[in-house]
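Quick notes on the structure that follows.
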Amino acid sequence: MAKSAIINRALLVFTINLLGLLVQPSSAQLRQNYYANICPNVESIVRNAVTAKLQQTSVTVPGTLRLFFHDCFVNGCDASVIVASTASNTAEKDNSINLSLAGDGFDTVIKAKAAVDAVEQCRNKVSCADILAMAARDVISLSGGPSYAVELGRLDGLSSTSASVDGKLPLPTFNLNQLTAIFAANGISQTDMIALSAAHTVGFSHCDKFSNRIYDFGGQAGSIDPSLNRTYSTQLQSQCPRNVDPTIAVALDPVSPRVFDNQYYQNLQQRMGLLSSDQVLAEDSRSRPTVNNWAANSVAFNQAFVAAITNLGRVGVKTNPSEGNIRRDCAVLN
């Protein structure tokens with residue numbers, strides 16, 4: 001090998017390693033029980049607000065979970081996705097990829113923030129970013145998933161722009177390499193990515209996100225994605241006929257759509273992953289063993305998911321007053 005080629009390869013390896021160091025999740029100053037002396041009952045206050053919201057609509061669960069994920073992958077977990085646009089600024093929530101975020105997710109955080117601030121000791125002492133992190137934990141446990149201690153101490157971001165979202169979130173057409181890369185950009189491992197994908201055990205997707213799999217796949221008239229269960233594809237065609245109303249949505253998990261469980265992986269084994277980016281986890285030989293393990297072992301899955309969402313909650317956190325503050329209104333920058 002030529003000397004220049006060796007040098008170039010060495011530089012490439014060094015750059016990749018450096019990038020890996022730069023994007024590692026930061027847990028600086030985050031800790032459990034952060035508000036013990038500030039707002040001692042904050043976790044029960046948030047949980048009660050989330051419980052009340054969940055009693056109104058089951059959309060609270062996937063809406064809040066997806067909001068947390070979309071927040072953390074764009075400039076870190078700083079509640080910037082909740083900020084409303086103004087006449088002079090188009091915020092993250094109005095980027096095209098975020099327009100499908102359920103209003104009930106936003107409302108969950110807004111209501112929990114109001115409940116916290118109704119306690120004088122707590123008023124303007126708890127960040128919207130931390131409330132979102134607690135609410136995400138609560139919707140998981142309230143829908144049958146594991147409960148876990150949430151690391152707290154995040155500040156809310158000082159900006160929110162639609163442009164900052166571009167290219168930061170995975171698409172439903174992504175293959176394993178693309179999924180792995182976009183999670184790695186946030187310091188999250190492939191194993192954690194496979195675990196976090198199971199958030200699709202709850203919630204729904206609009207027909208246009210997977211219609212390419214059930215109609216004219218690969219540009220061939222009448223063709224169906226061969227990685228899709230034929231009985232399931234027929235069911236999907238009946239739920240999403242051609243030229244269907246774009247507001248029509250289908251459950252991501254057709255078996256237990258309102259329960260947070262490991263059914264997601266069992267569905268993948270049966271080729272019943274709704275999105276290409278779901279099914280690829282069972283089709284690719286690199287990720288298939290993990291899918292099979294968690295499909296058979298709910299305890300192992302729960303443990304892996306808790307570790308993964310804890311790592312997600314550390315992405316790009318702001319703990320220095322120069323980087324963030326505690327927003328008085330989650331939808332408005334101070």
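Cβ atoms here come from the backbone N, Cα and C positions, even for glycine.
Source: prediction; values computed, not measured.
Within the same chain, residues at least 6 positions away in sequence whose Cβ sits under 8 Å from that of Glu92 (Ca(2+) 1 binding site) are His70, Val74, Ser80, Val81, Val83, Asn98, Ser160, Thr161, Ser162, Ser164, Val165. Annotation source TrEMBL lists Ca(2+) 1 binding site at Asp71, Val74, Gly76, Asp78, Ser80, Glu92.
Packing around Pro170 (substrate binding site) is summarised by its Cβ count: 18 other Cβ atoms lie within 10 angstroms of its Cβ, all protein chains included. The substrate binding site feature in TrEMBL is assigned to Pro170.
Residues annotated as Ca(2+) 2 binding site in TrEMBL: Thr201, Asp253, Asp261. Sequence-distant contacts of Asp253 (Ca(2+) 2 binding site), defined as residues of its own chain at least six apart whose C-beta falls under 8 angstroms from its C-beta, comprise His200, Thr201, Val202, Gln263, Tyr264, Asn267.
Look at TrEMBL and you will find Cys39-Cys122 (among others) tagged as disulfide bond.
There are 31 other Cβ atoms within 10 Å of the Cβ belonging to Cys77 (disulfide bond). Among the features that TrEMBL reports, disulfide bond is placed at Cys72-Cys77 (among others).
Here TrEMBL flags Cys128-Cys330 (among others) as disulfide bond.
Around Cys207 (disulfide bond), a 10 Å sphere centred on its CB holds 21 further CB atoms from the protein chains shown. Annotated disulfide bond per TrEMBL: Cys207-Cys240 (among others), in sequence order.
The signal peptide feature in TrEMBL is assigned to 1-28.
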(message) Whole-number answer please: how many Å between the C-alpha atoms of Pro170 (substrate binding site) and Cys207 (disulfide bond)?
(response) 17
(message) Can you tell me the CA-to-CA distance separating Cys39 (disulfide bond) and Asp78 (Ca(2+) 1 binding site), as a whole number of Å?
(response) 19
(request) For the recorded Ca(2+) 2 site, enumerate neighbouring residues of the same chain (Cβ within 8 Å of the Cβ centroid of Thr201, Asp253, Asp261, site residues themselves excluded), in sequence order. (result) Ala198, His200, Val202, Val255, Ser256, Pro257, Val259, Phe260, Asn262, Gln263, Tyr264, Asn267
(message) Quick check: of the binding-site residues listed here (Asp71, Gly76, Asp78, Asp261), which one has the Cα closest to that of Cys122 (disulfide bond)?
(response) Asp78
(message) Let me check the 10 A CB neighbour count of Asp261 (Ca(2+) 2 binding site). How many other CB atoms are there?
(response) 19
(message) Neighbour count, 10 Å Cβ-Cβ cut-off, for Cys128 (disulfide bond): what number do you get?
(response) 29
